[in-house]
């Protein structure tokens, strides 16, 4: 099968219908200039063969294949190729009856593309199968050697080279079919999974359930039979027990009534003894009251009075102390306020000064603008009057200005002559002085060098001093700061110890229980671990926590145990281990209810009012997490007793509302709360810790600074010595005659510079004056026009000056208002500061008065405490006397209590006996009623009563334990009730249907699995055959590959071999030998040699099961002419089994072709000419097409 003709229409550069006829069955060549359309003919063949990678035909999509992308009115591209099919050995499968096969492919812009085979529509798969069956697989196109294919073959990996062998062996189509079969197996596998899912998720569970239901039904029937049997046995036992109870109760009743009579007699005897003892006790009480009662009362009254006086004086004393503390707090607040006011006052004064300065600037600017406005007005008036302004702004006539210009010119000329004379004299003097200086001795130079050396030494010392980064006297300043910090730390330690002495409960000290003890495991007292967010809640939080405020928090229960056993604690402590404590917290829903009830600002969880470290969360929830804090009693009452809340609530004043029945409150101590006191201790601790850290840092800095300071002092001493040396040298230099001469020289040089500058400036002045004079002359000639121009300019300047003056005036007024406002604020701050000073004086006087009163009251309190102690001692002595008398009475009372106890026991026994009698009567009645009821309910009792309890009968209670039967019966009733709810009476029939469906699906599953195993077996068998065919193809191609390469490059050899450690089925790679040396890889070959390797492989592929058509696109591009000619001759003489269509630009190649097609452009129209070739030359036969130049 080979190409006979190609018809192109609308394809790429071929706009009109173009027929390319007369293809030779063996060797055809296409040539032409670049861009003439020769490769488009090959692209059309690839397009028709169904290529999917459009980049190989130089297009990004199918629309690019239409002439000018459809923008020239042509919207369809069509390619038709007629194949000669007369050789039936090479005929595609199914087309053996056709001598010619015409295949057409069309693509329409915006539409779909279609195939036609012999004029009949065909799908893409059918066309692919047609060409693949004759080895023309365009998507793996080893028959198509395009531009760059040589390079691609060289870059192929072993699997890709193997795929070329597979294509040649014809096993590639099998691979495609195999993949399709595997996909079918995957689909069947999905069906199998579906069947398996139905079996596992639907049918199998249903069968299992039905089997269970069948078992339940059978079990239900069994239970019913057993219940019936056990019911008769248990009822018979109950009947016998009821008859026995009725007969036994009568005898027991008589026995209990006799016991009651005996106990009543004992009660009467004890009552008589108790009466006699009570009389003796009353007599003793009367005697005791008579002797001691009056004195005891007077002592108790005296003690109470002393305590009242002491409490009153102590309360007054505490109140004074509280007032003193309040005044001190007020003084501190006033001092802080005054400090803040002073800062604000200073800032405000700076702001006033800044704004005032700004106002002055605006006033100056406004004044300047006003003056400018007046000058502009004056200038306008002068111009209106016929005057003109000169450069200085003064008004003058043109003639006057011209005279002034002449004067300026004359003056400049005079100054220039003077400067010239002065310059000449200075230059002469300089020349003579320089000659004198050269004659001076070299002593000055030596001193100058010494001075420069000292100066450099000083600079070096200064650089070294700067590198030390040391400030002078820094060490002394740090030492003074160290002394001040030490004093502050000592004062703070004393203050801290004094505060702890006042509040011993806030101290927690312990000894390390073991060596290397981690003190971080002991967190401290609860009071020390919290910070109160708002001091107004301190009292409430203290009430919430209660004694837990002094609990100790630790990390684990192990730490707690070690502290208690070996910590040598000074007093008893309760310890909270964070890892074991069970903490509860008020739920967020409860909090929302409470907030909705009284308002979100009036109720808070106590836990939210304190700050603490996150690691203490559980401990703090334990102490504060279960209580609300409200702002007043009304809200607290609402929250505590609301049925949705029912939670303990505390007011800010310390009143407690507990829904479980307790309410506490009333007047509380006026002293500051423990938490407030402890906050003062913590503040001192924090300040002390800060100062100690500062001291440590300062000591480290001093230690590091010591060496630096010593080094600095040494360098400073050296620098001072060099400075003194430099001063002496400088004085010596200044007093030398050379120095004086040098100063005169410098003065002369300065005079020369000034004279030259004066000459330059006078020339510029003279030039400007002359230019101005010339301009004024021109003005005189055009006086009227100049006057109008000056008038307009003057009007413009006047308007501009007026606008600017108005703006300046407005800004100044705004700034004045701002200054007045901020001045008022400053005065207000000053008045407030003065008021604070007055309040501070008043507070200081009040503090002084309170301190005096407290000193006096302290003595009175001490005296009252002594009186209380004395009264309590006298009262104690009197109570001891009374205690002795009380012991006698106590003995008598004990005897009375003994008799009362006996009576109580007797009465209790009587009540128990009465209860037992009632119980026996009730049991006898119940038993009789039960016997009657059972006889009426169960007819079989009368008939079988004589068998109850008899051996070897159905009612043998020894063989069948009735109690166990009753328990078993109860369990069976429960089982029956449970089974009765779930038992399915249709389970037997439904189970049969489900099992039939299960068997049917299992049968289908086995069929699918058998089909799958057969397909896999077939694939395995075909794989073996494929491997055999592939091995044969490899050996044949390998042999031809070496032979062709040796022909193209004499003395060389090549072969295809699997990579090391792999087989032929894994891939193949090139092995090349030049002479007797085998190369490791192709990179050791030249570019032309590598090209011959790739081309030899391609040609060897053509010798094995050749495709009917081969297309070569400029494969000789990288080869020289001798190799090209050899290739052409080889194709002509050795490859007579297939049709070759070759594109080439080299005569050595296309001269060997039987038919040559040449593409050209003539006047912008594309043409294709056909030539038949022989050794005599080329005879043009026909020109087939014309088309527009490709885009």
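Placement of Cβ uses the backbone N, Cα and C atoms for every residue, glycine included.
What Swiss-Prot records for 32, 33, 34, 35, 36, 37, 38, 39 is ATP binding site. The Cβ of residue 33 (ATP binding site) lies under 8 Å from the Cβ of 1159, 1160, 1161, each on the same chain and at least six residues away in sequence. In the three-state DSSP classification, residue 33 (ATP binding site) falls within coil.
Of all Cβ atoms in the protein chains displayed, 14 besides its own lie within 10 Å of the Cβ of residue 114 (N6-acetyllysine). Look at Swiss-Prot and you will find 114 (among others) tagged as N6-acetyllysine.
The feature coiled coil is assigned by Swiss-Prot to 173-507 (among others).
Taking a C-beta cut-off of under 8 angstroms and a sequence separation of 6 or more, residue 222 (N6-acetyllysine) has no same-chain neighbours. Secondary structure from DSSP puts residue 222 (N6-acetyllysine) in a helix. Taken from Swiss-Prot, the feature N6-acetyllysine applies to 222 (among others), supported by similarity to another entry.
For the domain 'SMC hinge' (521-640), the DSSP-based tally of helix, strand and coil residues reads 65 helix, 20 strand, 35 coil. Look at Swiss-Prot and you will find 521-640 tagged as domain 'SMC hinge'.
Feature annotation from Swiss-Prot assigns coiled coil to 672-936 (among others); the stated evidence is sequence analysis.
Per Swiss-Prot, the feature N6-acetyllysine maps to 677 (among others). The secondary structure of residue 677 (N6-acetyllysine), as reduced to three states from DSSP, is helical.
Feature annotation from Swiss-Prot assigns coiled coil to 963-1031 (among others).
Sequence-distant neighbours of residue 1158 (N6-acetyllysine) (same chain, 6+ apart, CB under 8 A from its CB) are 30, 31, 32, 1168, 1169, 1171. According to DSSP, residue 1158 (N6-acetyllysine) sits within a strand segment. As annotated by Swiss-Prot, N6-acetyllysine applies to 1158 (among others), with the evidence given as similarity to another entry.
The number of other Cβ atoms within 10 Å of the Cβ belonging to residue 1160 (N6-acetyllysine), over all protein chains shown, comes to 15. Here Swiss-Prot flags 1160 (among others) as N6-acetyllysine, drawing on a large-scale study or a structure entry.
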Using the structure shown, find which entry in 34, 39 (the binding-site residues) has the sparsest Cβ neighbourhood within 10 Å.
34
Residue 114 (N6-acetyllysine) and residue 36 (ATP binding site), Cα-Cα, nearest whole angstrom:
28
In sequence order, what residues of the same chain, 6+ apart, have a Cβ less than 8 Å from the Cβ of residue 38 (ATP binding site)?
30, 31, 32, 1143, 1157, 1159
Comparing the binding-site residues 32, 35, 37, which residue's C-beta has the most other C-beta atoms within 10 angstroms in this structure?
37
Around the C-beta of residue 36 (ATP binding site), how many further C-beta atoms are within 10 angstroms, looking at every protein chain?
20
Measuring Cα to Cα, how many angstrom lie between residue 37 (ATP binding site) and residue 114 (N6-acetyllysine)?
24
Residues flanking the ATP site, with Cβ no more than 8 Å from the Cβ centroid of 32, 33, 34, 35, 36, 37, 38, 39 and excluding those residues themselves:
1159
Euclidean distance between Cα atoms of residue 114 (N6-acetyllysine) and residue 34 (ATP binding site), Å:
31
